[in-house]
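The block underneath contains the structure these notes are about, expressed in structure tokens.
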Amino acid sequence: MTRLAAMISLGILMLLGGCAGWFDGPLSTLQPAGPAAHSAALLWWGMFLFATLVLIAVTALWIIALRRDPGEVSDADAQRQQNRWIWGGGLALPLGSITVLLAFGIPMGHSMLPLPAEDRVEIEVTGYQWGWRVEYPEQGIELQNEVVIPSETAVDIILRSEDVIHSFWVPRLAGKTDLIPGHTNTLRLVADEPGTYHGVCAEFCGVGHAHMQFTAEALSPDDYATWLSEQAAQQDEGETDD
Amino acid sequence: MTETTPVQPHEATEQTRSLHQTFSRVWANWPGLGSLAAVNHTTLGLRFMITGLIFFLIGGVLAMLARTQLALPEQNILTADVYNQVFTMHGTIMMFLFAIPVLEGLAIYLIPKMIGARDLVFPRITALGYYCYLFGGIIILSSLFLGVAPDSGWFMYTPLSSAEFSPGPGSDFWLLGITFVEISAMAAGIELTVSILRTRAPGMTLRRMPIFCWYILAMALMIVFGFPPLILASILLELERATGMPFFDPGGGGDPLLWQHLFWLFGHPEVYIIFLPAAGIVSTLIPVFSGRPLVGYRWVVLSIIVTGFISFGLWVHHMFTVGIPQLAQAFFSVASMLVAVPTAIQVFAWLATLWTGRVRFTLPMLWIFGFLVIFVCGGLTGVMLALVPFNWQVHDTHFVVAHMHYVLVGGMFFPLIAGLYYWLPHVTGRLPSERLGKWGFWLTFIGFNATFLLMHLTGLLGMPRRVYTYEAGLGWDWLNLLSSVGGFIMAAGVAMIVLDLLLHARLGRRAPANPWQADTLEWATATPPAPYNFASQPTVTSRHPLWDQSDVAQQMAAGEGHLGEVQQDQRDTLGTDAITARVAERCHLPGNTWLPMLSAAALAVVCIGLLIRIYPLALAGCLVAAVFLLRWSWLNGGHPLAAPLTDAELAGKDDDQSPPLESRTLDGPGRWGMIITLLANGTLYASLLFGWFYLWTASPQWSAPADSPLATLPLLATAILVTVLTLLYRDRVRHLQGGEDRHLAAALGSLTVLGAIATGAVLWVMVSAPLAATEQAHDAVLMVMLIYLFWHCGLATVLTGLQALRVRLGYVSAHLPYETRVLQPFWVYTCGVFWLSLAAFIGLPMAWGGG
Ligand SMILES: [Cu+2]
């Protein structure tokens, strides 16, 4: 039974692999482009496969149970059945699955945290109804609805809100973190390679929520350094003009 | 429906016919409009369910509107503003006006019958609950038609829902309306708990209790402990909106995260409050259709209890993205996964039951099968969501929307419909159409999966929840279109079910008695049932009375069991011991009365007054409600109308009726009701303390004065006075128990005067303290705590005063000591919160200092 289920699932997975294009998209967590998003996608496929197996197995068992003729069942037989199903399915199955899941999940979660890192870049993002103000405090640069980051570098986004709760999310790079009035949160972003990644506000924030989008532009570290100095120079010009 | 002559479980003889006529006369609802004064659980259970189903249809129409808007990218059928109202109201209606009330209604209808009782133990409370639900629901719904519906999502996160960002009345409709509706949930929770614990038929020990009653007991207790945090949060947010007390505003030292904690402290147990009764339906139906007892009854009971406990310890998994410390995240992640264990135990106990039985595959079983597939899938995605690194990706996306619908529709709606088809012959005496029923199932099942299975992928592809539209080309277009098509297929399925329900009342075949060969006592009533359920109450000797006790139904109907005759023209049912179910007392139950409806109407006026901010109107409503409620408490079981003194008692001797009347005992269901109510009240108070403690330690801009702004010494003196009062009250109760009631009225009178002094002292402390409640969260919390103390002190005083009056009138005496025993826990509680508050006023600043 389980072998059949395994084959079916493998078949499904191969089919899915064949239409990988279905899972791509500018906001797709299944087309990861950063280590955190890679981990999450990997977790998803693993859990999906396992969950599918469990669902098929449980459903199959139920169908068998509905159809089979048990014959005469004595109380002792019923007791044996009880022990088998409850210890096996009710206790061993969930506890075993949870242990395996946590064994993978906890280290992965830990690696996503904004832990101390060399050459870490800090960028401040403030959410408001309905847009994002992006500041580079050292260089005095300010952008709207656009974050420029160096690729292959740990970037810490410092998140604050000016009004209501928002949530900063670039699905292809990492998970989301909320921007909460009065609080400061930090999200670690890493992009594997240069490119343009889309971001959205994930926490409902009112009438403009659906349009509260932004882009994360990852430049190679060299290009990023150039961009920073150009921007800083422009900003200085702007200031001397005043 | 009404013209259906009931199928009786017995051969009618002249004698039983006249017996049933007498019972009917005492128990019948008043005719015509008078039926609005009904307090009978069968009537009100059905009203709850029918009202809930109507709200379900309204919520469903809103869902269809949302799905229409999202069917294609960049549509403008609904504006963003309207869409926000639509999804907020969809969630609010489905959660608060459909799921919980319908399940409460089912429990209200079934529980007394299953435990072999005649009615719930506080019938007027059932009616009050219903009217609060109905009026509250109408108030909330009216906002939709006025175009000012709440639009911040059904969990109302601040500051989006606060006065600054939601200046209209939408949030007020939600906060006041839902709090009003919650009165009905609390009422049902308390009443069901006491009924199950104290009015089971003799012999129905806890071990012999039908499994459904365990589920409902757990649900009821979870309501008792789960709803107070939400009620408190709603009160605080409404205070913030109306007066500016900054509980959730970081500018004043509050914190928006406090709302999230309080909301999910309620919100997660709520999922299980909805799931447990539905699982109870599954655990009831599977053994019946397998033709053998539930395998692993004790395991299932254990799972229910464990689920209840764990569900209070995993609320933070709704908040993994708010920046909670890592250790806390790990704790709540593990707890959230562990709840899968008791659920898995139940799934496999059901499987084992089917495995060992010969299954009859009927229409209810089809729905149970649908439940299994959908719910297991929802459970599995639930475990996924509990894993923090994955949660960070899919939180607040359509993946969560899909998961939630799998759990709630799979875990609640499917079993509910299974139960509906199962108990329909009980309610109407008729069978529904198999053919329409199957169409209804398959359309719903296919439509549901088409809508929500794909929606998991929509979320993984990055579509956030609660967006009113989306751009083309993000990979979401075909998914959303298919989800919308699925939604309409499901709607067609629901339409089939509704059609079946409406048609079967006229066209359905007559159902025989106990058509499914069930084991539980509800099938021992006539179908449709008489308002008194049973002409006599049974002695239960088995967990499956209708399987193991031959002729029990006939004996009950023939009046051969307990309380087999009408006494003093009163409705009554047996009170029994909570564990052993030994007969303890005879409980008089009140008959038809307008008081519940009038009280609820007065409370509705309060609600509307607060909503339109005409405070004199609200105050007037309060006073009128107080009059009705005190009148209600006046006409209790000790009132001569219910239980006049017998000749023996008038002669100064004890009445030796067996079992004694509740009013002649020291520990009846009324006292249990008081204690359970105080547990709920204590949870509310504990939530307030939690809030204060939370703000003090975690609010980003908390500030507290170095010295307490309260006059500590007068407070201390008041606490001592209240303690003395409590002790004196206890002393009087002891004397009364010993049969000594001399000078009782005078003693209670002086306690009332002293209580008034204590109440005045609290008021003075509150008024004289330099509290800046609208500027500082610290002072605002203090203010709420003082109001809480004032209220309790004042209420205890008023009730003691009324008691003194009743002593004078002879309603309370050495023969009738019961009421003092009911009021006593309230004094103890008041005394307790005084000292706790005082400890907090003094202790918190000492432990954490000013800020
Ligand atoms: Cu936003």
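Note: Cβ is positioned from N, Cα and C throughout, glycine not excepted.
The model shown is predicted, which means the values in this text are computed figures rather than measured ones.
Copied from TrEMBL, the annotated features are:
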DOMAIN    B:21-541  domain 'Cytochrome oxidase subunit I profile'
TRANSMEM  B:86-110  transmembrane segment
TRANSMEM  B:209-237  transmembrane segment
TRANSMEM  B:271-289  transmembrane segment
TRANSMEM  B:296-318  transmembrane segment
TRANSMEM  B:330-354  transmembrane segment
TRANSMEM  B:366-392  transmembrane segment
TRANSMEM  B:404-424  transmembrane segment
TRANSMEM  B:436-458  transmembrane segment
TRANSMEM  B:478-503  transmembrane segment
TRANSMEM  B:618-635  transmembrane segment
TRANSMEM  B:744-768  transmembrane segment
TRANSMEM  B:826-848  transmembrane segment
- Same-chain residues at least 6 beyond the ends of the transmembrane segment (B:366-392) whose Cβ lies under 8 Å from its Cβ atoms: 278, 282, 285-286, 314, 317, 320-321, 329-330, 333, 336-337, 340, 343, 347, 350, 399-400, 402-411, 414-415, 417-418, 421, 437-438, 441, 444-445, 448-449, 453, 456
- Between the transmembrane segment (B:271-289) and the stretches B:209-237, B:330-354, B:744-768, B:826-848, work out which stretch tops the count of Cβ pairs under 8 Å. B:209-237
- Sequence-distant residues near the transmembrane segment (B:296-318) by C-beta distance (under 8 Å, 6 or more away from its ends) are 211, 214-215, 218, 221-222, 225-226, 260-261, 264-265, 267-269, 271-272, 276, 283, 324, 328-329, 332-333, 335-336, 338-339, 341-343, 345-346, 349, 352, 385-386, 391, 543
- Distant-in-sequence neighbours of the transmembrane segment (B:86-110), which means Cβ under 8 A and at least six residues beyond its ends: 41-42, 44-49, 51-53, 55-56, 58-59, 62-63, 65-66, 69, 78, 120, 126, 129, 133, 137, 140-141, 143-144, 149-155, 174, 178, 181-182, 184-185, 188, 192, 212, 216, 219-220, 270, 273-274, 277-278, 281, 408, 412, 416, 419, 423, 427, 466, 522
- Query: Is the transmembrane segment (B:436-458) in contact with the transmembrane segment (B:404-424), using three or more Cβ pairs under 8 angstroms as the rule and ignoring pairs under 6 apart in sequence?
  - Reply: yes
- Query: Hey, which bits of the same chain come close to the transmembrane segment (B:436-458), Cβ under 8 Å, at least six residues off its ends?
  - Reply: 67, 363, 366-367, 370, 374, 377, 381, 397-399, 401-403, 405-406, 409, 417, 421, 476, 479-480, 482-494, 496-497, 499-500, 503
- Query: To what whole number does the mean pLDDT across the domain 'Cytochrome oxidase subunit I profile' (B:21-541) round?
  - Reply: 94
